[in-house]
């Protein structure tokens, strides 16, 4: 195997499980006091033919080592049933220690992926009573996610029972939110009502707060993707009632964009209607401008026309909003998106609105760039 290409050293060797293991310390790479000779030899490429049987009674030590963990993971993918069981006996006994370890967690995950049904079930039982602690832990949360992906429905339900009264705590946690997202992605929607209930039991305020939360906003988006229409409706209604504040929020704007892109036509139309009349204000805002751009990409022709008409003003308007937008650090991107998505008639309307102001706009870096965009469109009065 290429990763163990260094030849075995002939001196001071004894046999361990069929594998040659050095009983001295190399002066050039001193052995750490808490590291076995076997692992030290492996790390220094002195055991080129190491097999699963050779690391028995050292499985936990290997699993908690960066290189040893990778060795076990690679071996597990091709291991026989007997070899898997030899490893598993030690892994199960130390499952909790490994689940919260920076390298050990990957070995446990691999057993959820490649273990036998019996081994997966045993690992699932080992989670009992500790799901919340693991869900909130940096490495343990990955194990819970893998269990939700790979284990059977019985284990999924055991995990859900322990999460049931701690949903909001997990959603707002940097690790726990990933577990709730995975639950929503992998568990049947009819099993997810407890999540919706935890969001709605105190009124729409909780949904709005979560939509403005760095982790909560991700979970709300997963709900909109995977839950039933009946489950999503109270969430959507809370969002609709607070569109004007959410579009201005650094996280809430992503939730509204998600509804615009993936929601139903009626939900998308309601959001565009809320924005109409405030296009200039929102276009000049760092976060809301992204929502306007998403509307231009996803909205139907009628709503797109309404947004463009609003900023172009009337034909005799000496200073239409589009001029201010072209000079603004955020709104100029909205103008560019309008140009990209407008039908020919509305593109001409935009050009007529700015034509008298071209000399002034050329002095602004943003305006200059958009004028170049117009010129690339080869409109007759710019040639």
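A Cβ is built for glycine as well, from the same backbone N, Cα and C atoms used for every other residue.
Feature annotations, reproduced from TrEMBL:
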REGION    1-40  region 'Disordered'
DOMAIN    34-378  domain 'PUM-HD'
REPEAT    54-89  repeat 'Pumilio'
REPEAT    90-125  repeat 'Pumilio'
REPEAT    126-161  repeat 'Pumilio'
REPEAT    162-197  repeat 'Pumilio'
REPEAT    198-237  repeat 'Pumilio'
REPEAT    238-273  repeat 'Pumilio'
REPEAT    274-309  repeat 'Pumilio'
REPEAT    317-352  repeat 'Pumilio'
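Averaged across the repeat 'Pumilio' (54-89), pLDDT for the predicted model comes to 96. Residue counts for the repeat 'Pumilio' (317-352) under DSSP, split into helix (H, G, I), strand (E, B) and coil, are 27 helix, 0 strand, 9 coil. Per DSSP, the secondary structure of the repeat 'Pumilio' (90-125) breaks down as 29 helix, 0 strand, 7 coil.
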